[in-house]
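*Asks:* Quick one: structure below, then a few questions.
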Amino acid sequence: MFGDRQRPMVLVLGLGESGLAIARWCARHGCRLRVADTRETPPNLAALTAAGVDFEFVGGAFSPALVDGGIELVALSPGLSPLAEDLAPLVAAARERGIPVWGELEFFAQALAALGANGYAPKVIAITGTNGKTTTTSLAGLLCERAGKKVAVAGNISPAMLDKLTEAIDAAALPDVWVLELSSFQLDTAHTFAPDAATILNITQDHLDWHGGFAAYAAAKGRVFGPRTVRVLNRDDAEVMRFAPPAAAADAPRAVTFGLNEPAADGDYGLLRENGIAWLVEAIDRDAADAPAAPSRRRKQEAANPPDIALKRLMPADALRIRGLHNAANALAAYALARAIGLPAAPLLHGLREYRGEPHRVEVIATLDGVDYVDDSKGTNVGATVAALDGLAQRAVLIAGGDGKGQDFEPLAAPVARWCRAVMLIGRDAPALREALADTGVPLADHATLEAAVRAASALAQPGDAVLLSPACASLDMFRNYAHRADVFRSAVEDIALEKGTTL
């Protein structure tokens, strides 16, 4: 349960949702606890006390002294960067003493291994990527349910993995399949996690301050794959394809790709455009049509004997209820993951047609006078906004800006030039966005509030356009969180609707 330690003394750093879950899990299994948080009274302190947990609490700045006094295991909450000025010396001190540093995902992996010794053998699906994680995770969970499996969805999507596992154990209802949304923060402190199937949806700049650079961020994403994990890879993303196993390796893990073009290799997925219809398709080797659906180690043989590939139509992309080409890619990834753990195709395709999407993720909240109002407040990085613009593939008035987290905004220029009628700029990093978009030829306007930006965008939009809130930035410079930003956007659209004599 805790590596080679029975009931170690654990230092839990950070008492957010994940830290609270770790503390409760460790206490449940007899560990002694020291809990530290930079806040003197973190909100979850009362919840931990109410749970009847015996622990020592230390509030205030972190210091290496926290690992003194018999600490045998350090648990790091995902919001805390090991590179942070106050945390790096503590982490270094722990490692110098040979004290393991785990995050919640490693505790979860160790727990599954311990349960496995008693015969519990669930399938585990893991989803990571800069954008699209929550949609793909929710959709994969639904698909597994439609295939008749008892499913637990947890991780970055909430609830915490250890809380969900505790609930399942207490209810004597352990799931057949775990579907986990995992952030780079969670993966960074994982060591033995090895899911049955996993995907990296995409890798673009995000959280560079936390990881110290893009290479470290991408490497953290790659920790989603264990030695035998089926790798579901986005072939349209060169950074993702760096994790493709070498074709010549005899012991290479299985791999399958998805993308927005036609797939060319047996078992891969993509889009076929025919007579004005885009189809979700699977590539099938005609000579091995009766082979199992799960991808095989085939790349080396294909080089010598190219297969006779046919494209099997799965469903029209327009039959999906989630809009945009990026969501077609998410759907293909979810389907590929479910197939990779051996689930039958028919119920999965029904699930794809059923899924309605997640709030604040390219969500059309209204259509007024032929103009779509689209809430993509969850689009907190450049890659998300590029995906929203290219995915919607319609003329748009974009509302963007906020806390840019040190990102390079230059990749926005091409899609803005292609799709945008105008861009409304808000928030702290509006000047940086203006500089990046200055040569696009698209009108740019600064606004002090989101409400003003929505009104200006509405006045400019033409029938067939979208007014798209996709900020490419975090929200905390102006709002409590991205959901609060979405609420303000919706309220502004509601006001416009009322003036037009209608409601949302």
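Positions of Cβ are set from backbone N, Cα and C atoms, glycine also.
The following feature annotations were taken from Swiss-Prot:
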{"type": "BINDING", "residues": "Gly129, Thr130, Asn131, Gly132, Lys133, Thr134, Thr135", "note": "ATP binding site"}
*Asks:* Neighbours of the ATP site Gly129, Thr130, Asn131, Gly132, Lys133, Thr134, Thr135: Cβ within 8 Å of the Cβ centroid, same chain, sequence order.
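*Replies:* Here the non-site neighbours turn out to be Ile127, Thr136, Leu201, Asn202, Asn330, Ala384.
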*Asks:* Which number gives the other C-beta atoms within 10 angstroms of the C-beta of Asn131 (ATP binding site), all protein chains shown included?
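*Replies:* 26, counting other Cβ atoms within 10 Å of Asn131 (ATP binding site).
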*Asks:* Does anything in the same chain, at least 6 positions from Thr134 (ATP binding site), have a Cβ under 8 Å from its Cβ, and if so what?
*Replies:* Asn156, Ile157, Glu181, Glu358, Arg361, Lys378
*Asks:* Once near-sequence residues are set aside, which residues in the chain of Thr130 (ATP binding site), 6 or more away, have Cβ atoms under 8 Å from its Cβ?
*Replies:* Leu201, Asn202, Ile203, Thr204, Gln205, Asp206, Asn381, Gly383, Ala384
*Asks:* In sequence order, what residues of the same chain, 6+ apart, have a Cβ less than 8 Å from the Cβ of Gly129 (ATP binding site)?
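*Replies:* Counting only residues 6 or more apart in sequence, the Cβ neighbours of Gly129 (ATP binding site) under 8 Å are Thr136, Thr199, Ile200, Leu201, Asn202, Ile203, Lys221, Asn234, Val240.
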*Asks:* So if I measure Cβ to Cβ from Lys133 (ATP binding site) and keep only same-chain residues at least 6 apart in sequence, which ones fall under 8 Å?
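*Replies:* Those within reach of Lys133 (ATP binding site), by Cβ under 8 Å and sequence separation of 6 or more, are Ile127, Asn156, Ile157, Glu181, Leu182, Ser183, Leu201.
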*Asks:* Mind giving me a neighbour count for Thr135 (ATP binding site)? Other Cβ atoms within 10 Å of its Cβ, every protein chain shown.
*Replies:* 26
*Asks:* Can you count the other CB atoms that lie within 10 A of the CB of Gly132 (ATP binding site)?
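*Replies:* Here the count is 25.
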*Asks:* DSSP on Gly132 (ATP binding site), three-state: which is it?
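*Replies:* SS state of Gly132 (ATP binding site) = coil.
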